Ligand SMILES: Nc1ncnc2c1ncn2[C@@H]1O[C@H](COP(=O)(O)OP(=O)(O)O)[C@@H](O)[C@H]1O
Ligand SMILES: O=P(O)(O)OC[C@H](O)CO
């Protein structure tokens, strides 16, 4: 048994970097968080400065240890979880990024994806990677960097450049450039990884003109990747994309279990075990982590704007002073007064996949006020999740008993009740909403013997509250029909 006292989880999200210390009972001992800059160089483009990502992540690590008085020698392991798909290329000799990271939300490569479809590659992409040909994934972002950063292609072909998603970048920095690695879950989001053979896909690499030498080694999510130099050497022992980590943190190890995370976007994942379900309804097939720490398959519905709609109400419209106020505003009115907000700010993700759609507010009348718009924004988060749940239940051929939720916006009681009502499902909220970090900690703890088995973990995850549906079926379907009409108005494709 491992006698160290803590696991450190690094959670590198879209808007902030976090470091969370977990003790043996998986309780949070300490946490540090830093936001970092979002760059929007053109409409629909989103970038991050990878140097700032590392600086904020490193600062949270130092801060959480300082705040709690925990020494690196007391750490059994580090687990990493990260915003997925966000694409970085750096020089392997200098360690310098050649450009800002291109963020998962960025739409700049939509025309390149159109070209892939014109070239007839859509079904190849789906059968090989489980994904749809969309700008969301890393492949076309890498291609854009190679085509647009002066000298990049020649350097990549000479073997001087490395590609990584953010997990890979953090391991590279923590190991001082010694290790270039990713895990199966992150690799499965690149649109370059074959989820059948569990190898980089030579056919797609050739079609996208991406040199294989740039790619990291791929390992299971529960494994020793290298050691972080923190005065003592601490093993980096667990790694997973944030949505797969949340699935693991919610104990969804087994087939048929589903979680929905309400962070910047909303991501619903169903563990389908060894069954690679090919969606007929616009969902993705992706890699997740099974009970033994090995690969399992999952169905995923990804929507791009979840809690970020609430940030927009706060920062751009200034309708609320902070995110939690949205619950108060929404509860002041009986309904949204016919107002619908379709948050297609960066196009529509699952199940529509329309990169050119843009946001709308419909149904405004003279009686509509601030509270109605805020309520419509929260309802939009729940409507999008119903779209995903309907698609998932049809693909998997089953009716869910309950939806496990987490992420920042899951704290909103109005949203959770409306989610239960609009899906006619029980919604189960755990006591701890940091399930993403918890999942990464679980993986690292299992890999190092800090925890013995997934069976042991169940005792550490408890329920805070269950939301039970109360809305009549007539009302539910009326509301949802109104949503579908509003979505139809934003679409640029049928
Ligand atoms: N009480 C709340 N009601 C609605 N949205 C909220 C609330 N608290 C936080 N949010 C939203 O949740 C998001 C932050 O959640 P988090 O899980 O930290 O996201 P991420 O990991 O994507 O950075 C923000 O977009 C914020 O607007
Ligand atoms: O950082 P989050 O929590 O918004 O998650 C982002 C997703 O991983 C994008 O696929």
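Numbers run from 1 along the shown chain.
The backbone N, Cα and C atoms fix where each Cβ goes, glycine too.
When TrEMBL records 14, 18, 264, 408, 412 as binding ADP, the matching candidate from 307, 359, 363, 455 it lists for that site is 307. When the candidates 6, 136, 184, 297 are compared with the glycerol site entry in TrEMBL, which names 84, 85, 242, 243, the shared residue is 136.
Note on residue 18 (ADP binding site): other Cβ atoms within 10 Å of its Cβ, all shown chains, come to 22.
Listed binding-site residues: 14, 243. The one with the lowest count of other Cβ atoms within 10 Å of its Cβ is 14. For residue 408 (ADP binding site), the same-chain residues that are 6 or more apart in sequence and have a Cβ closer than 8 Å to its Cβ are 262, 263, 307, 323, 433.
Residues 14, 84, 85, 136, 242 are the ones the record ties to sn-glycerol 3-phosphate, and the longest Cα gap between any two of them is 15 Å. Around residue 311 (ATP binding site), the same-chain residues at least 6 positions away in sequence with a Cβ under 8 Å from its Cβ are 15, 264, 323. Neighbours of residue 84 (sn-glycerol 3-phosphate binding site) among the binding-site residues 14, 18, 243, 412, defined as a Cα within 10 Å of its Cα, are 14, 243. In three-state terms derived from DSSP, residue 18 (ADP binding site) belongs to an extended strand segment.
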